[in-house]
């Protein structure tokens, strides 16, 4: 079983989600968001860093995944988001976690089958995959979607690696099946 933390960075709200994943199955441990008060950016970034460090210390994830910055027309928003993202990555790196990065469209593709899915569709798939009674807040749901995407990516890589070694493949030999 692998414990994965997913982070959806933001300067006002940073979503987080931690799952245990094994063989295509995932179980929710905790999810939520770090909300910062309006004010000076250094204090907001420090709060994100401290709260992520506390989560990491408490839940001891083994791997991490973060959403890549989506740059739209508002350059200032992208810069602020980049700062929050950098703080999150730094908190993960300080805990010796390797950090995988996924674009918003790759997360949507992995969970819904469409890179153009809307937030509600992603939220519904997170609810279904984690067998939740009610959908979570968007920030937490997005963070879990990132963690689930990473878990799926890991499973795919492991399956490809095993297949290249001939594990799990069988070929017909006379009337019996034998390992390739």
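Every residue gets a Cβ built from N, Cα and C, even glycine.
TrEMBL labels come from automatic prediction, so no person has curated them.
In the three-state DSSP assignment, the secondary structure recorded for residue 8 (active site) is strand. The Cβ of residue 8 (active site) lies under 8 Å from the Cβ of 14, 15, 16, 67, 139, 142, 143, 146, each of which sits 6+ residues away along the same chain. Per TrEMBL, the feature active site maps to 8 (among others).
Residues annotated as active site in TrEMBL: 67 (among others).
Annotation source TrEMBL lists active site at 139 (among others). Secondary structure from DSSP puts residue 139 (active site) in a helix.
Annotated Mg(2+) 1 binding site per TrEMBL: 8, 139, in sequence order.
Annotation source TrEMBL lists Mg(2+) 2 binding site at 67. In the three-state DSSP scheme, residue 67 (active site) falls into the strand class.
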